[in-house]
Amino acid sequence: MTLLEIFPSLRSGMMSPRLDATVWPCETHYDDLSRITVGGVALADIADQYGTPTYVLDETEVRRRCQLYRKYFRDAEIIYAAKALLTKSVASWVSQEGLSVDVCSAGELAVALAAGVDPARIVLHGSGKPFSELEAAVNAGVGRIVIDSLTEVTLLAAVAPRRQQVLLRLSPDIDVHGHPAVRTGVIDQKFGFPLGSAAAIEAIDRVIRQPMLELVGFHCHLGSQIHDPDYYGEAVRRLIAEMARVEREYGITLPQLDLGGGHAVAYRCGDSEMNLAELADIVEDALDAACALNHFARPRISLEPGRAIVARAGVTLYRVMTVKHIEGGRTFVIADGGMNDNPRVALYGARYEAVVANRHPTGPHMTATVAGRYCEAGDILAADVSLPADLRPGEVLAIPCTGAYHHSLASSYNGVGRPPIISVRDGRCSELVRRETPADMLVRDLG
Ligand code: LLP
């Protein structure tokens with residue numbers, strides 16, 4: 001008999017340092033066999049049934065996050081940013097929860113439409129939308145298109161079969177001090193038009209004068225992993241002032257203001273995340289003040305969260321291939337996945353936790369670096385994590401908070417196909433996307 005069986009109350013105390021409630025799906029527990037379960041399904045069973053690496057996605061957690069946004073932003077439109085993760089099921093879950101969907105390519109548009117998302121509730125983004133994609137979008141009846149360049153004004157006007165609602169993307173010169181790869185609110189970056197610049201003024205003018213386009217508002221996206229809600233308040237103030245200028249000059253009252261996404265989630269225990277209640281208050285107060293100051297009617301706010309909807313719902317499973325203690329160096333745990341299924345460590349220096357999922361380890365721990373199987377030294381999954389000292393090949397590792405920008409950023413480098421996505425809910429699992437196989441790769445290779 002183990003100590004835990006004699007004193008079951010010890011279990012929660014022993015678990016808490018590693019199964020931190022802010023980084024795992026809400027329904028994460030240990031079962032009677034001391035294995036981690038998510039949505040009522042043991043992760044080790046999923047690894048056995050579907051192989052590894054495998055993305056696990058908790059449907060209830062995705063829906064819960066949608067509901068939280070709806071609760072805190074009752075009057076706003078919540079538009080799910082599909083670039084974080086898109087499958088037909090994810091698109092239908094978020095739609096059922098009352099969210100619209102933001103897509104940024106014909107591929108994402110096709111998945112959203114195949115899932116039955118109402119085209120009127122789809123928003124198309126992109127800094128260089130090909131003509132064919134604009135055509136696919138207008139023909140599908142996409143509700144709004146976010147204009148990112150002057151070229152697009154001309155192309156869209158030419159291709160639109162009927163008057164098309166558009167938003168214009170402006171960069172409000174707000175520096176959220178994130179990783180340079182994802183800082184999009186500043187002036188010197190490729191998206192949209194710098195607020196107040198000659199280019200922005202010309203773009204607004206051209207859209208308004210273009211009879212096939214109906215300007216319904218402005219859009220901005222400040223960046224990623226933003227945990228300070230004040231940046232959004234500042235964006236509201238700057239953009240409302242511009243909307244008021246348009247009203248004065250053209251007599252048009254723009255009814256929508258899209259503040260983009262970028263709400264931070266915690267990847268590791270102790271990371272700060274966006275507080276949605278605070279964000280709601282700050283946006284509300286900024287709207288009140290800016291609209292009063294500019295004598296402007298309140299527009300409807302849209303928010304475009306991607307990561308904050310799906311990140312925490314995802315857990316990625318790997319098998320330990322080997323454990324290497326490098327003399328004078330680190331201890332490496334080599335997993336059977338890596339940068340193909342999670343390039344975020346190599347791209348942004350992201351940090352993750354890793355936990356053994358097939359047992360509840362109670363013995364001594366070691367500090368190790370979980371590395372991938374791919375042919376690059378930078379192929380790391382989790383640096384300096386605490387893992388059981390007796391970790392063995394074949395055991396199942398779980399990395400939490402991997403629902404956003406993992407499957408969507410995945411590659412098939414070294415000829416290793418992308419992992420499947422298995423959803424879990426109420427003790428059952430279902431295969432949303434199957435594993436990519438060598439046969440899939442050969443289908444594309446025409447010889
Ligand atoms: N709206 C627009 C126009 C965006 O460009 C993005 C993300 C979002 C919404 C959603 O942002 P979120 O709420 O998910 O932060 N690959 C990077 C993230 C790139 C985000 C690009 N745009 C990563 O893995 O961190």
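From the backbone N, Cα and C atoms, a Cβ is placed for every residue, glycine too.
Automatic, uncurated: that is what TrEMBL annotation is.
Here's what TrEMBL has on this protein:
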DOMAIN    61-311  domain 'Orn/DAP/Arg decarboxylase 2 N-terminal'
MOD_RES   Lys83  N6-(pyridoxal phosphate)lysine
BINDING   Gly262, Glu304, Pro305, Gly306, Arg307, Tyr405  pyridoxal 5'-phosphate binding site
BINDING   Arg307, Arg344, Tyr348, Glu376, Tyr405  substrate binding site
(message) Based on a Cβ-to-ligand 1 distance below 6 Å, what subset of the binding-site residues Gly262, Glu304, Arg344, Glu376, Tyr405 would you report?
(response) Gly262, Glu304, Arg344, Tyr405
(message) Cβ neighbours within 10 Å, counted over all protein chains: which one of the binding-site residues Tyr348, Tyr405 has the most?
(response) Tyr405
(message) Please report the Cα separation of Arg307 (pyridoxal 5'-phosphate binding site) and Glu376 (substrate binding site) in Å, rounded to an integer.
(response) 27
(request) With Gly262 (pyridoxal 5'-phosphate binding site) as the reference Cα, tell me which of the recorded positions Lys83, Arg344, Tyr348 is the closest one. (result) Lys83
(message) I need the CA-to-CA distance for Lys83 (N6-(pyridoxal phosphate)lysine) versus Tyr405 (pyridoxal 5'-phosphate binding site), whole Å please.
(response) 7
(request) Could you tell me which of these recorded positions, Lys83, Arg307, has the greatest number of Cβ atoms within 10 Å of its own Cβ? (result) Arg307
(message) If you count, for each of the binding-site residues Glu304, Glu376, the other Cβ atoms lying within 10 Å of its Cβ, which residue has the minimum?
(response) Glu376
(message) List the binding-site residues among Glu304, Pro305, Gly306, Tyr405 whose C-alpha is within 10 Å of the C-alpha of Arg344 (substrate binding site), in sequence order, or say none.
(response) Tyr405
(message) Spatially, and counting Cα to Cα, which of the binding-site residues is closest to Tyr348 (substrate binding site)? Options: Glu304, Pro305, Gly306, Tyr405.
(response) Tyr405
(message) With an 8 Å cut-off on Cβ distance to the Gly262, Glu304, Pro305, Gly306, Arg307, Tyr405 Cβ center, who else from the chain surrounds the pyridoxal 5'-phosphate site?
(response) Ala81, Lys83, Ala84, Ser224, Gly261, His263, Ala308, Ile309, Ala404
